[in-house]
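Engineer: Take a look at the following structure, please.
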Ligand SMILES: Nc1ncnc2c1ncn2[C@@H]1O[C@H](COP(=O)(O)OP(=O)(O)O)[C@@H](O)[C@H]1O
Ligand SMILES: Nc1ccn([C@@H]2O[C@H](COP(=O)(O)OP(=O)(O)O)[C@@H](O)[C@H]2O)c(=O)n1
Ligand SMILES: [Mg+2]
């Protein structure tokens, strides 16, 4: 039985319902470059797991996922679900900016004017809000929702925080669907009107898609088709994060095994299981007679 379960786990391909941007992109095909290097899944998964089991959230180096997509593509909705099922802190750049407006600060007035016009707030303001929120949350896994919106955002983040994200999740949604969702959002937002929405869509195409292309060329983008119900979309999202978590556990076992717990003569069923995982992770096909 354990063998059958292991076989099923091992033979499952790496994230399947999402895809790296190199594969078909229904709504933004023309923008996305093929990945220059494949996503280093083992390394990524190991990092995901080691952060997930780190000691009480004191890690200095959280696992960072940027969550991108056009306005109304469902970033916020999906982030809430990921945070609740996978233990991420959810930092929404837009929410941080709106809190700053609500605080009545001088900066808040400038931010309000920019948001009303659908433009992008200066990077130093947004990056500083995100940096503080990361520090305060002290989380070991962080979703940064709606950021970076432009190359300037991206460069400012990487300079200030000193690193790139571990993955980028991109919600791919057709424009007419985004407009429909935004007009129905009904949260009293100053920017959910048709005039500002048009401007936001232009800004998305001209400034945000280049950021997706950049991370795509770095092999970091997982594209999710954002059409369907929120629950259907979350099934694809769940598979992506579950794969990272499953593969991460196997990678940890591999390291333990390599550290010397199993020799050929001492193998018990657990050692065999780990040996199979080892072979698979090393890129060899596992002979698993209990599975098809
Ligand atoms: N899959 C979906 N189908 C229909 N409506 C959705 C879906 N996902 C989110 N929504 C709704 O669309 C609006 C925009 O979603 P939101 O998560 O705020 O998107 P974003 O953060 O990308 O702007 C919200 O009113 C939300 O309830
Ligand atoms: N990185 C960011 C994120 C948001 N913003 C501003 O905040 C507005 C709302 O962002 P948001 O992420 O809440 O919007 P949605 O895409 O979720 O609808 C954007 O249109 C920008 O004006 C920004 O300037 N820089
Ligand atoms: Mg949002």
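Keep in mind that glycine also has a Cβ here, set from the backbone N, Cα and C atoms.
Per TrEMBL, the features are:
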- 72, 73, 74, 75, 76, 77, 185, 228: ATP binding site (BINDING)
- 98, 119, 120, 121, 146, 147, 148, 149, 189, 200: ribonucleoside 5'-phosphate binding site (BINDING)
- 153: CMP binding site (BINDING)
Engineer: So which of the binding-site residues is most packed in, judged by how many other Cβ atoms lie within 10 Å of its Cβ, out of 74, 76, 146, 148?
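Structural biologist: Result of the Cβ crowding comparison: 148.
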Engineer: Taking ligand 1 as the reference and 6 angstroms as the Cβ limit (strictly under), which binding-site residues among 72, 98, 148, 153, 185, 189 are close?
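Structural biologist: Near the molecule: 72, 185.
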Engineer: State the Cα to Cα distance, in Å, between residue 76 (ATP binding site) and the residue listed as 'CMP binding site', rounded to an integer.
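Structural biologist: Their Cα atoms are separated by 19 Å.
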Engineer: I want to verify one value. Collapsing DSSP to three states, which class is residue 75 (ATP binding site)?
Structural biologist: helix
Engineer: List which of the binding-site residues 72, 75, 120 have their Cα within 10 Å of the Cα of residue 153 (CMP binding site), in sequence order.
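Structural biologist: Near residue 153 (CMP binding site) by Cα: 120.
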Engineer: I'd like to know which of these binding-site residues, 73, 77, 153, is least surrounded, judged by other CB atoms within 10 A.
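Structural biologist: Each of the binding-site residues 73, 77, 153 was scored by Cβ atoms within 10 Å; lowest is 77.
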Engineer: Which binding-site residues out of 75, 76, 77, 228 lie by ligand 3, going by a Cβ under 6 Å?
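Structural biologist: If the test is a Cβ under 6 Å from any atom of ligand 3, the answer is 75, 76.
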Engineer: C-alpha of residue 148 (ribonucleoside 5'-phosphate binding site) to C-alpha of residue 73 (ATP binding site): distance in Å?
Structural biologist: 15
Engineer: Can you grab the distance from residue 77 (ATP binding site) over to residue 98 (ribonucleoside 5'-phosphate binding site)? Cα atoms, rounded to a whole Å.
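Structural biologist: The Cα atom of residue 77 (ATP binding site) is 17 Å away from the Cα atom of residue 98 (ribonucleoside 5'-phosphate binding site).
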Engineer: Any idea what the Cα distance is from residue 72 (ATP binding site) over to residue 146 (ribonucleoside 5'-phosphate binding site), rounded to a whole Å?
Structural biologist: 11
Engineer: Is it possible to get the count of other C-beta atoms within 10 angstroms of the C-beta of residue 189 (ribonucleoside 5'-phosphate binding site)?
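Structural biologist: Summing over all protein chains shown, residue 189 (ribonucleoside 5'-phosphate binding site) has 14 other Cβ atoms within 10 Å.
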